[in-house]
Amino acid sequence: MAQQIPRFISRRFRQQASLFCRFSAPVPRPFAPPPKVPALRRTYASTGESGPNPNPGQNPFKIWPFVAIFAAGTGAYVLMVNQRIDMAPTDKKQIPAPKKGTPTFSPDKVTVLFVLGGPGAGKGTQCANLVRDYNFTHLSAGDLLRAEQDREGSEFGDLIKDYIKEGRIVPMEVTVQLLENAITDVVRAAPSGKGKFLIDGFPRKMDQAIKFEETVCPSKFVLFYDCPEEEMQKRLLNRGKTSGRSDDNAESIQKRFKTFVETSMPVVDYFASQGRVVKVVATKSPAEVYKETKEGLEKRLGKIF
Ligand code: C5P
Ligand code: MG
């Protein structure tokens, strides 16, 4: 059953439609051997017509147009690359990494231990013991920020006040600069040009950690005081009766806990992943926690540090 397909339909569609019609024809046709079809030549070979090769024995496939196109393309590409050699890179991946700052202090001369733990974990109390016994200089990031907040003429006073009240982390440039200034004062005053520092409550955020280690001084490790929130809350509310701190109240304490879990714990995890954390359980009495602190530090630094 021959079916006519309109001429305006594309050739490919007509081929497919004709195939479909052949397979869907309802009347079975008796078997007949297929008619002999002369070997077809591909149309792009020379003349554009199908049909037997008019020059048998000679390869009809012309290679030179391809060689010419390839040569022209390669030439244009080389030209383009040469022209762009001096251009500024536009691809993000090609932008050179920002130059890392060289730390101001070498760890050979300046020993830095970061002291971390939730608010009320007992960092300040334990640092005071270590200062007494091992001659460290204690730098509390929170104390430095409060002093800057109260300093007459400080351009950051109001900003620091708001951040502390809300239990949020003050932009790192401020805190890192205050710490660097404090370290510089101590090292300059020391005849040996050396110093040993406990940096308490710092780094509380990853950017602080990276900025400090890249530009001020690489730290030895983190001394981490681990304490449950209920215990810390009890201590802070108790301290709030006399501390006069704007953030030792129930509302600010909750915000500080949240900041600690979400922003500061990742810093502890980061140092832990590098094997740079000495962890001390901080629930017991100050004397017992100090005993554990000394043991942890001695294991790491030896008897004399
Ligand atoms: O350590 P401390 O509890 O004294 O910190 C008080 C407040 O100071 C924090 O809640 C935070 O607002 C601010 N701070 C900071 N970055 C630090 C340390 C303290 O922004 N590294
Ligand atoms: Mg403190």
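First residue shown is number 1, and so on along the chain.
Heads up, the Cβ atoms here are built off N, Cα and C, so glycines get one too.
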TrEMBL ATP site partner of Gly120, Ala121, Gly122, Lys123, Gly124, Thr125, Lys284, selected from Arg188, Arg204, Arg239:
Arg239
TrEMBL has Arg146, Arg168, Ile169, Val170, Gly201, Phe202, Pro203, Arg204, Gln208, Arg245 binding ribonucleoside 5'-phosphate. Which one of Arg132, Arg256 is in the same site?
Arg256
If I go by TrEMBL, the feature region 'NMPbind' sits on one of 47-77, 140-170. Which?
140-170
Nearest of the binding-site residues (Arg146, Ile169, Gly201, Gln208) to Thr125 (ATP binding site), judged by Cα-Cα distance:
Gly201
Using all protein chains in view, find how many other C-beta atoms are within 10 Å of the C-beta of Arg146 (ribonucleoside 5'-phosphate binding site).
17
As a check: which entries in Gly122, Gly124, Thr125, Pro203, Arg239, the binding-site residues, place their Cβ less than 6 Å from an atom of ligand 2?
Gly124
Sequence-ordered binding-site residues from Ala121, Lys123, Ile169, Gly201, Arg239, Arg256 with Cβ under 6 Å of an atom of ligand 1:
Ile169, Gly201, Arg256
Arg239 (ATP binding site) to Pro203 (ribonucleoside 5'-phosphate binding site): how many Å between their Cα atoms?
23
Pick out which of the binding-site residues Thr125, Gln208 has the most other Cβ atoms within 10 Å of its own Cβ.
Gln208
